[in-house]
Amino acid sequence: MKVEDYFNNILKERKMHLTLIDPEEQTSEEALKVATAAIQGGSDGIMLGGSTTDNIELEKTAKTLKENLDVPIILFPGNISGITSHADAIFFMTLLNSTNPYWIIGAQALAAPTIKKMKIEPIPMGYLVIEPGGTVGWVGDAKLVPREKPDIAAAYAMAAELLGMRLFYLEAGSGADKPVPAEMIKRVKRSTNLTLIVGGGIRTGEDARRAAKAGADIIVTGTIVENATNIKEKISEIVKSIRKP
Ligand code: 1GP
């Protein structure tokens, strides 16, 4: 089954959770342990990537995860180095509010021939970086969307929808001290029919629930698995809170 269909089937019934693993943060064996615990906690898939991903680490980790896990492995590339064939799909994304054409369409053009040859499933996605923006905001030369300007985020989402993208990711930046504001999530969700992903700075069940209630379809967390002593329990806290009616 295609990964996008897998998403859409689940989303008919409930919200989803994805765990982001940065291959640079641990060995591939450790990444497998983290991913296994996250899946036991209720994560619906694993995203692999980071703003400064090293392709050698990525290849190793992706291969290990792909051989040992049953949930989809989705690439979340920070650059053209974030591509490997050991994955089920790739978020084929454009950093819409970058001021540098490289991050809007340059990297995508360089990567497209390889992705076509690899035959992994591309999922077209608009990516918008909100204050504080973290490493991705800096690396991606983003003109950060102010937190109190939900209409700006909604306008970008509408443009993404009109351009034919099917997913939209509101990103506060990995490790952000505060997640994307609920009002912004609400405004984006109300303005489009896109599948809405929200991530950056979500650390508790309450944070996740607020984002899901505001309209996020898919919640992404990364940093919490790097810090948690009991990964399964921590992910389960997040997952339960977004599945509550
Ligand atoms: C980063 O949105 C993701 O791209 C996850 O952020 O590491 O803060 O959970 P955190």
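Each Cβ is built from the backbone N, Cα and C atoms, and glycine gets one as well.
Because the structure is a prediction, the values reported are computed rather than measured.
Annotated features in TrEMBL:
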- Asp22, Ser51: Mg(2+) binding site (BINDING)
- Tyr169, Leu170, Glu171, Ala172, Gly173, Ser174, Gly175, Gly200, Gly201, Gly222, Thr223: sn-glycerol 1-phosphate binding site (BINDING)
Worksheet item: Just counting, how many other CB atoms are there within 10 A of the CB of Gly175 (sn-glycerol 1-phosphate binding site)?
Response: 15
Discussion item. Is it possible to get the count of other C-beta atoms within 10 angstroms of the C-beta of Glu171 (sn-glycerol 1-phosphate binding site)?
Written reply: 26
Practice prompt. Could you check what DSSP calls Gly173 (sn-glycerol 1-phosphate binding site) once collapsed to helix, strand or coil?
Written response: coil
Worksheet item: Got a sec? Which of Asp22, Ser51, Tyr169, the binding-site residues, have CB under 6 Å of any ligand 1 atom?
Response: none
Worksheet entry | Pairwise Cα distance for Gly175 (sn-glycerol 1-phosphate binding site)/Ser51 (Mg(2+) binding site) [Å, integer] | 12
Worksheet entry | Other CB atoms, at most 10 A from the CB of Gly173 (sn-glycerol 1-phosphate binding site) | 25
